[in-house]
C-alpha cells in the first residue's frame, strides 16, 4: 500500500471513529419517548354515553356529540397578535395588525358563539411536529425536529383515525404533509406542495379554488384546510412587509365567506400551528414562535360564560384541541393524549337547560374533565408498565389525587340526586373542576420532565469514543513525520484498538439486547484512552527536547485557545454570544502571528540594520533615510498588513444575524432580501445590488489576476478556457438572477417559473463544468517547446522570468540522466504554482456557487472572507518562514497557530454569513435557488440548505491545503514582511510549490498531518459541545441552547471531515498529474 493510500485510509478511519462516537452519543442524548400502540375505543368502563343520549344531541361514543360537523382551518404560522384586534392603535400599525376584521366582528356581535385563545405550541415549532401534537395530543421530543422533511405516517392514536373508525368522511385541502401523515384517510383530498417557501400563492389559491364548492356539497363530516401563504410570506419577507398584509386580508375574506355558509350543527376552528419570529422564522421556542392563536365559532351558542377581558386572554395548550374536538364530535379521546378539554366549550348544553342553571353548567364541564382525566390516567398507567420513566412517588401521588376526585364526584352526584347537602354545592363543584384541571396539568408537567430522558450509558460511551478519537488524532497529527513510509510500531495496535472499540459499540447498539451490560465498552474505551495517553506523553517528551522557546510559546498559545474553545460550550452566555467570542479569538491569534513575524523579521535584519546605521553616519541627511527605511521595514509592513486584516475582519460583524437571546442586537439590512424593500428604499436597493455584484466580480477578477501572476492562464487548455470564460459567464448569470429576485413580489410571481430560475441554473451548469474540467485536467501549466528549431521570443511571465521554471532542466538532469545535454529544455509556464493553482481554481468555482446560495445580501461577506484569507495566507507564510530554523522554505506540516487561526476564521464567517446554531436560523429558502415548485426527492433541497448553512466551514475547508503550499510561493506581501530574510535566498532559484514534488512521501505525510490538525480543532469543539450538553442535560436552556449547539457542531465536524477528505484526494490527483507531466518533459527534452 502506497503512502497516498495509507493517508486516505487513516483519515477515513479517523473520521469514521468520530462519526460513530457522535451517533452513539446522539442515540443516548436525543431520545424519543416510548410509543404506546393502543387505540381508544367506544366501549370503555368509564364512558356514560347512554345517560347522555337520554338528554338529546347527536350520537357519540363516550358522550353525546355537541356538533355533527367541524371545519378546521389551519393558517400556518398564524401568530396570536395576527388574530387579536388591537383597538388602541390609532395610526400606522404594522402590516400584520388588525387585518382579521371578521374575527373581531364575530367576537363582538356573538360573544357566546365565538372564543379567541392564545394557543401555545410545544417546541420544536416545526410544522410536522405541530401536526403530530395537534392530532394525537402527545408531546414532541427534540429529535423529532430532524424529521420535518421526511414525513412518515402517524401510527399513534389520533382523532383523524378515530373519525375514520366511526365512519366519518374527511375532506382535506392544502399542505401535502397531511397526506404523508395520514395516507388513505381522506374521503376526498386536494393536496398541494408545501416546501417551496418562496411561493406565497400556489397552495392558498389552490385551496380557495375548491374550498367553497366543496363546502356547499356538505358530503363531509370534517373539513380540513391548511393554508401556507402566511408562513411562506414570513420566511420570504418577515411579518413587517406589505405582502403580509395582503395575505392576512385574503385570509380574512376566506373566514368571512366560510362563516357565512355555516349551519348550527357545525363548529369552526381557525388556528396557527406555531408563530414566527420578527424575521419570519420558526422552529425554536421563543415566545413569538410558541404563541399561536385559536379562534372557535359556531352559528349556535357554544359557551355559557362571558368572554375574558381583551388584555387578559385565556391561554391554552395546543394539545388541548385534541380532547376538545374529540368530545365535541362524540369521538373517543386518542389514547396517548395529554391535552385538557377547554372548559369554556363544555359549560353549555342546549338540550339540558344549562343556560340559567350554573350548577348544570359546571357539572357538564366536570363530565368532560372526568372523561379526559380517566383517559389520561389510562394512558400513563399503560406507559408505566412498559417504561420506568415516571418517578414512582409522583406517579402514585397523582393517581391518588384522581381517586379522591372520583370519590368527590360520586358524592356530589349522590347529593344532587337525593337533594341533600345542597348548601355550598356550587362551591364544591367548582373545587372539583379545579381538582381535575390540576390533575391534568400535573400529569402533563410530569411527562414533560421525564420525556427529556437520557441514556447515560450511551452518552458516556459516545464521549469516550470521541475522546479516544481526539487522542488518536493528536498522535496522527504529530507522530508520523519524516521521510519514511512505514508506520511507527504502535500504530497497528492503536488502530486495532479503535476498530475493536467501534465494532463493539456498533454491536452493543444494534445487536445486543438491552439486558447486556455495557461495562465491556467502558473497559475497552478506558484501556485505549490510557494506552493512547502513554504514547502521547512519550511523543511529547521526544518532541519537547527539540523545541525552541518560541515553539514552546506557539504550542502553549495554541493549546490555550483550543481549551478556551472547548470550555466556552459549558456557558450558555458564551454560546449565545459565540459570534463575538470567536471573532475576538481570531483577532487575537492574527495579532499574535503578526507579532511573531515582526520579531522574527527584526531579529533576521539586525545585522543589516547595523550596516545601514554605519552608512548613514557618514551622510548629511540621516533622518530622512532612517524614516523612509523605517516605514518600509518588514516589521512596520507586517503591522500595517495585520491592521488591514483586522479591519476587514471587523467589517464581518455587519453581516451577522441576531439570536433571540441577544437583546442588544440589531437586525442587519444585508439579511433582508432586496424584494422586501419598498419603493421608498429604491436608492438603497440599487446601492446594495451594485455593491454585491461589485464584490462578486471583484473577487473573481482578483482570483483571475492571481492565476495570471503565476502564469497559470497561458495556453488554450480546456481548464484554462473554463477559468477565463465560464466562471465570468457564471458570475453574469448570478448577477442577473439577483436582479430578477429583487423585483417586487407581485411582478416576480407573475413571471413564468423558468424565467425565475434559469439564471441560477446557468450558474449551476458553469460551476459543474468548471469543477469537472478541474478534476479531469487539474494542471494549469503551459509547456512551450524552446528547441532552436522553433524558438519563440515570448516573455516567460507577466511578472518577470523568475516565476517561470527554467530550472526544470536541472531537475530533470538530477532525476533522469539526459542523453543530450546540449538541447534546450522546454519552458513550463505556471509550474511554480502547480498545486496551488488547482486548489485556487477549485475554490473559485465553490465561491461562485456559495455566493449564489447566500444571495446578494450575504455574498459580500463571502468575498470579504476571500480577502481575509488571502492576507492571512500571506501572514501565515511569513510566520512559517520565520519559524523555520534554517530560515529556508518550510518543509514540515502546517504549524498549530495557523491551523487554529484558520479554524477560528471559519467559525467567525459561519456567523458572518447570517447563521446561528439555532433551528430558526436555517435559511430554508436556499433550497429553491434555481428551482421552482416541490421536489420529488429531498436530496437536492437538503444539499442546497447544507451548502448555505455551512458555506463558510465548507469554503475554509476547501482552501485549507493552501496553508501547506502557500509559503512556497513567496507572494508579494510575504516578501515585504520577510525581505531581509529573503535576501539570503536571492541566489537560489525560485521553485514554488513544485519543490514539494521532489519528495512525494513527505508531501503526502505533511498533507495528512495538516488535515489531521484541522480536523482536531473541530473535534475538540464537538467534544466540548457533547460534554456540555451531557452536563447540562437538565438545564433550563438545554433544548434552546446546548442541544442545538451540539447538533450544529456535530454536523460541522462531519461536513468538514468529508470536505478535507475530498481535498486530500484532489491534491493526490494533482500530484499524479504532475508526475505524468514530468515524464512528458523528460521525453521531450
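Cβ from N, Cα, C; glycine included.
Annotations in TrEMBL come from automatic prediction, not curation.
Features reported for this protein in TrEMBL:
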type: DOMAIN; residues: 900-1064; note: domain 'GPI ethanolamine phosphate transferase 2 C-terminal'
type: TRANSMEM; residues: 7-32; note: transmembrane segment
type: TRANSMEM; residues: 456-477; note: transmembrane segment
type: TRANSMEM; residues: 489-507; note: transmembrane segment
type: TRANSMEM; residues: 519-536; note: transmembrane segment
type: TRANSMEM; residues: 557-577; note: transmembrane segment
type: TRANSMEM; residues: 689-706; note: transmembrane segment
type: TRANSMEM; residues: 718-740; note: transmembrane segment
type: TRANSMEM; residues: 761-783; note: transmembrane segment
type: TRANSMEM; residues: 862-884; note: transmembrane segment
type: TRANSMEM; residues: 939-966; note: transmembrane segment
type: TRANSMEM; residues: 1014-1031; note: transmembrane segment
type: TRANSMEM; residues: 1051-1070; note: transmembrane segment
Recorded stretches the transmembrane segment (689-706) and the transmembrane segment (7-32) touching, at least 3 CB pairs under 8 Å: no
Highest-contact recorded stretch vs the transmembrane segment (939-966), from 7-32, 489-507, 718-740, 862-884, 1014-1031, CB pairs under 8 Å: 862-884
For the domain 'GPI ethanolamine phosphate transferase 2 C-terminal' (900-1064), the mean pLDDT of the predicted model: 86
Cβ-based contact of the transmembrane segment (489-507) with the transmembrane segment (557-577), 3 or more pairs under 8 Å: no
The transmembrane segment (862-884) touching the transmembrane segment (761-783) per 3+ Cβ pairs under 8 Å rule: no
Contact set, same chain, for the transmembrane segment (557-577): CB under 8 Å, 6 or more residues outside the stretch: 585, 588-589, 592, 659, 661-662, 896-897, 899-900, 904, 917, 1017, 1020-1021, 1023-1025, 1027-1028, 1031-1032, 1035, 1037, 1041-1042, 1045, 1049
Long-range environment of the transmembrane segment (456-477) - Cβ separation under 8 angstroms, sequence gap at least 6: 10, 14, 17-18, 20-29, 494, 498, 501-502, 505, 508-509, 518, 521-522, 525-526, 528-529, 532-533, 535-536, 539, 893, 1008-1009, 1012-1013, 1015-1016, 1019-1020, 1022-1023, 1026-1027, 1030, 1033
Tertiary contacts of the transmembrane segment (1051-1070), as residues 6+ beyond its ends and Cβ separation under 8 Å: 4, 7-8, 11-12, 15, 18-19, 22, 775, 778-779, 834-835, 838-839, 842, 910, 946, 950, 953-954, 957-958, 960-961, 1004, 1007-1008, 1011, 1014-1015, 1018-1019, 1021-1022
